[in-house]
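These notes concern the structure reproduced below.
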Amino acid sequence: MKLAILGAGAWGSALAIAFARHHQVTLWARDAEQIRQLGEERVNRRYLPDCPFPEQLKLSSDLAEAAHDAELVLIVTPMAGLRPTLKALTALDAPLPPILWACKGFEAGSSLLPHQVAEEELPADHLYGALSGPSFAREVAQGLPAAVTIASDHAEFAASVARELHSPLLRLYANDDLVGVEVGGAVKNVMAIATGVADGLDFGMNARAALITRGLAEITRLAMALGASPQTMMGLSGMGDLILTCTGALSRNRQVGLKLAEGKPLQQVLEELGHVAEGVATAREVLTMAERLQVDMPITAAVCGLLYQGHDPQQVVDGLLRRSPKSESGGLLD
């Protein structure tokens, strides 16, 4: 399969390395100097310094060249880059291939999910979907086993892409609940910040398990309010992604929580991180949406208080753990 991967950050580079083992891949970035450097060094030294590019991986800063004859375009930018990239693609004087995105989050200001942004920018009958699931870029680039989801409202399209790109080391599963997959992929980043704070304060593994489980309940309530299936939250893009992001040492959002627990201000944390942590921007959008839909999301509210209102990390987590008891008989809906 001929692929164009748009975005040469950590995840874009990792997917390009992984898919180039079995497919024709062109990795695109807007910055011509970045592409020149990547081409000369044949490695993304900033994000994946120990993961060299395969010889067959092509590089380009020309969007038309990268997308030419591609059978599939995969957009791997931060959420803020999705709409501009879609606009640039639709402006090309060429047929538009089917599109997947690996962006996770809600658009700042509009609170739109990725597929809602795509609906505004792509032709009504265009094939599109999301790639999401528990996957750290470094491990995928190193060829370690992983499993992710291809989600689309067009079930046959999702199944076809999953079959084409599936490999023993990167297993792909199709899902027709696009909303559920996107919500799971977005909100788990908020929960990872909370879990990172608890870990940083040495609250212990019991507290971590409680936050992850109740975080899953929050994600499920919001997803259902948006029309998703609760079953999706039990899959790779729900529980799977949540567990990895809340516990993995490579999780950027968990690192944000760990650093906040040290008493560092948010701006310093983000500067030290040097990477995009989508949960920071997503938290505010999620809370706004939850309030509009009247969905109870106490962990999200606590994270927003920590990020934007200067609340003390110790008091934030302690307050969550001291909330009034309630029945769990209704499962994830309570």
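For all residues, glycine too, the Cβ spot is worked out from N, Cα and C.
Residues annotated as active site, proton acceptor in Swiss-Prot: Lys188. Within 10 Å of the C-beta atom of Lys188 (active site, proton acceptor) sit 33 other C-beta atoms, taking all shown protein chains into account.
According to Swiss-Prot, the NADPH binding site annotation covers Trp11, Arg30, Lys104, Ala137, Arg252, Val276, Glu278. According to DSSP, Val276 (NADPH binding site) sits in a coil region rather than a helix or strand. Within 10 Å of the C-beta atom of Val276 (NADPH binding site) sit 20 other C-beta atoms, taking all shown protein chains into account.
Feature annotation from Swiss-Prot assigns sn-glycerol 3-phosphate binding site to Lys104, Gly133, Ser135, Lys188, Asp241, Ser251, Arg252, Asn253. Ser135 (sn-glycerol 3-phosphate binding site) counts 23 other C-beta atoms within 10 Å of its own C-beta, drawing on all protein chains shown.
Counting only same-chain residues six or more apart in sequence, the Cβ atoms lying under 8 angstroms from the Cβ of Trp11 (NADPH binding site) belong to Val76, Ala102, Ala137. Maximum intra-site Cα distance, sn-glycerol 3-phosphate binding residues Lys104, Gly133, Ser135, Lys188, Asp241, Ser251, Arg252, Asn253: 15 Å. All protein chains shown were included, and the count of other CB atoms within 10 Å of the CB of Lys104 (NADPH binding site) stands at 28. Considering other CB atoms within 10 Å as the measure, the emptiest surroundings among the binding-site residues Arg30, Arg252 are those of Arg30. Spatially, by CA atoms, the binding-site residues Gly133, Ser135, Asp241, Ser251, Asn253 include one closest to Val276 (NADPH binding site), and that is Asn253.
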